[in-house]
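What TrEMBL records for this protein:
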- 31-64: repeat 'TPR' (REPEAT)
- 169-202: repeat 'TPR' (REPEAT)
- 315-348: repeat 'TPR' (REPEAT)
- 382-415: repeat 'TPR' (REPEAT)
- 487-520: repeat 'TPR' (REPEAT)
- 521-554: repeat 'TPR' (REPEAT)
- 592-625: repeat 'TPR' (REPEAT)
- 659-692: repeat 'TPR' (REPEAT)
- 693-726: repeat 'TPR' (REPEAT)
- 761-794: repeat 'TPR' (REPEAT)
Amino acid sequence: MKHGIYFFDRSIFTTAIQDFTAVIKEDPMNAQARLYRGRAYAKQQQYRNAVDDLAAALHLDPFCWLAFYYRGCILRHVDPKRALQDFSVSVLINDTHENFRSFLHRGVIYVEQCQWSLAICDFESVLALDRSVIFAYLSIGLIMLLHLDQYYKAIQLFTDAIEVDPLNVRVYICRAQAYHTIHNLKDAVRDINRAIHLYPNKSQLYILRGKYLMEMKKYELSRLCIHQVAEMDEESFKSQPIQRALIQSFCQNQDKAIDCMCDVIAVQPEPPMYVLLGKVQMKAKKTKNALESFKVATKLLITSGRTLPNTFEAAEMYYLIGLCYMEQVNLLKAFDAFSVAIRLHPSYPDAFYQRGLCRMQLGQAKCIQDFNRTLALCPSHFQAYMSRAVYYGSKGRYSKAILNCNEALKINPSSVRAYFYRGTLKYQNKTYNVAIEDLSKTIDLNKSCILAYYNRAVSYNQIKDFRKALKDYGILLLLELNKEIVLKVLINRGLLYVKLGDYANACEDFKEAAFYSPFDRQIFQAIGICYHRINEFEEAVRSFNQVLKLDPRYVDAYVGRGNSYMENGQEPDRKQAQKDFLKALHLNPKCVKARICLGYNLQALGKFQKAWNQFTIAIDLDPKCHAAYDGRASVCLQMGETFAAFQDTNAALKLTTTAALLTNRGVINQFMGYLSCAMRDYQNAISVDPDYALAYFNAGNIYFRNRQFSQALDYYSKALQLEPRNESAVMNRAITNTLLKNIKEAKEDFEKAVSLCPFSAAVYFNRANLHYGLKQYELAEKDISTALSIQPNDALMYKFRADIRAKLGFRKEAIDDYKQAISIQEQITSI
């Protein structure tokens, strides 16, 4: 017996069995020999002999707990019920530490039978007997985690296991899984890091860490983990070529992934392998090769009857073939492929969706039916809602398109595309404020969304919030844009500056736009107009010259250049302007704008009848052109035809009501002596445009004429607020202040008038009057002398200076001035 036990302990089971058999032959009632031989048979995987010996041992010694234990271990997989009985009897006989494994094995059987509470009781019994059994902690923790949803208890059990064995990798992985379940991703990653530290060559750990980091939205770190897996040389990883191919594909090593899949196909040429190869080839942009792979897969899948089975596997192959044809823009073949996929698997939402896209690109209205079917099968299909929105938007059904965007946002509330497209649709629907809200949300989600800034700027422009529109255009120009978008932004911002009257900034934007598009005549035309508005007429002429170099037959350029020549006010420039207007009319005799400009040109040259004819022709060409009536009215007024001027102005006012036209009619009424009507026109002009300075000035003149000096002062002041460099308003206010005895204010106004018009004799004459009234005769004499140096043939001013010199005691000089005044007056009378 001792000889047999010696060989058993040294795992020399054949010799041990021979020895125990010899003992049994001599003593058939020896229970111990039966027990040892049964255990030896079990080690030799002779389970039937082992069970027979253990049963015999129990027959000879019913209280042999070891025999029950070992028989339970042998029967655990083949007869779990009987094994449970054996383990139960074993622990009933001996429930001490030396028999804790019976509790452990019985707990495992209970787990396999899903009797969680009984399993937990057995594992807890194990821990009560031996606190160092890691398997018991793990087993209870996994039951709590996976089956009883008691996550925090599971974490505590895994923590207890780590305290017992801090180097156990499996426990860290289990606790990481528990942390992941309660969304504590930070601690989950920490435990996976510890597991990797203990077991750095295990590829699955890196993949798990990459997954957790991706859920934490740490995409770069997650990508790094997958790249680490791709570079690993682990044997277990090498033995899984499909997984290697997927990892290499994720890392954009598409050629390596394709090589891996080719190795797999060489050993296992089955349809799923060809499908996987095709998918990798699609990612590698090798669409033609992918198409061949999918076709091979379908051929392998065809049954002996040469028909495809109605399975999802077959449908997916044709779906992928359709995607390849879509990539090749072969829409008809793609349509056929998607249709086959739908026939093989009628509940395939993505196939319906892609077929809908095909139909939409082919211009078929039935695409909406496919999108509807997609949503019926998969109500959370984001792309289907967005494509349906695009379809309705293209048909001008903006409200319905917006509803589809709303549904898409319910599925993905942080979709930049959905917010942007809904904002664009709302703009098209002319609901600009809500469009701005969506575009602002788009920008919040993606600060560099160029089109969102652009469309929001356009929307702000529509609601006349020009400051915010300018801000968005400015932000756009700070971003990295392509040439086309920069050009559009500069043109739009330039037009916005024009609308605001800021022609200097508009000119700068148009000049920069011309750098990007040097052959666009309209940009140079806009530059010329801006230069004209900021009174840089020579630059304006250069710009219009550039337009005419690009297009010698561009009528508007001739008109613009002619207007710029006109502003110089010199006779040669007016002649040149006339040539440009005539050239424009030669190119387009029906150009009303050129007719009107030629009319004003002839008026400036004193050719009133010819000017009148041009305005009349313009009216014949366009009876609704109020500018032509206004121009003819001004000519009539100069020709002394006041009533005709009044009629033309009324005709213009019937077409449009502007402050300028009302003011012009007021001037005509004033000429005709109808001061109350004139005042009414000026007041109406102010109500139409409260910022029209000329109306205030003319109304002030009527108040002044009626000796209502306080009211006149108010109106002159308002005119100067709007137009501070109006020298006539400054001088009239100075005179009004003089009459109202506002001496200080009068002096200030005269100083300003002198600075604005240093060569105006009237200014010095009126200031001389002020000084004369204040008995400041020396200053008065100085001012009137300056006035006479500017306008030497004025009898009244000589007479006035004579009066001033008489006050100063300069009798001789005063007599000379009187004589000069009389001489000038006699000359005028004789003429």
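In case you wondered, yes, glycine gets a Cβ from its N, Cα and C as well.
In TrEMBL, annotation is done automatically, which means it is predicted and not curated.
Counting residue by residue with DSSP, the repeat 'TPR' (382-415) contains 27 helix, 0 strand, 7 coil. If you look at the repeat 'TPR' (761-794), the same-chain residues 6 or more away from its ends with a CB under 8 A from one of its CBs are 727, 731, 734-735, 738, 743, 746-747, 750, 753-754, 800-801, 803-805, 807-808, 824. The repeat 'TPR' (487-520) scores a mean pLDDT of 92 in the predicted structure. Using DSSP to sort the residues of the repeat 'TPR' (169-202) gives these counts of helix, strand and coil: 27 helix, 0 strand, 7 coil.
Sequence-distant contacts of the repeat 'TPR' (521-554), counting only residues of its own chain at least 6 positions beyond either end whose CB sits under 8 Å from a CB of the stretch, comprise 491, 494-495, 498, 503-504, 506-507, 510-511, 513-514, 560-561, 563-565, 567-568, 587. With a threshold of 8 Å between CB atoms, the same-chain residues lying at least 6 positions outside the repeat 'TPR' (315-348) that come near it are 271, 275, 278-279, 282, 287-288, 290-291, 294-295, 297-298, 301, 308-309, 354-355, 357-359, 361-362, 377.
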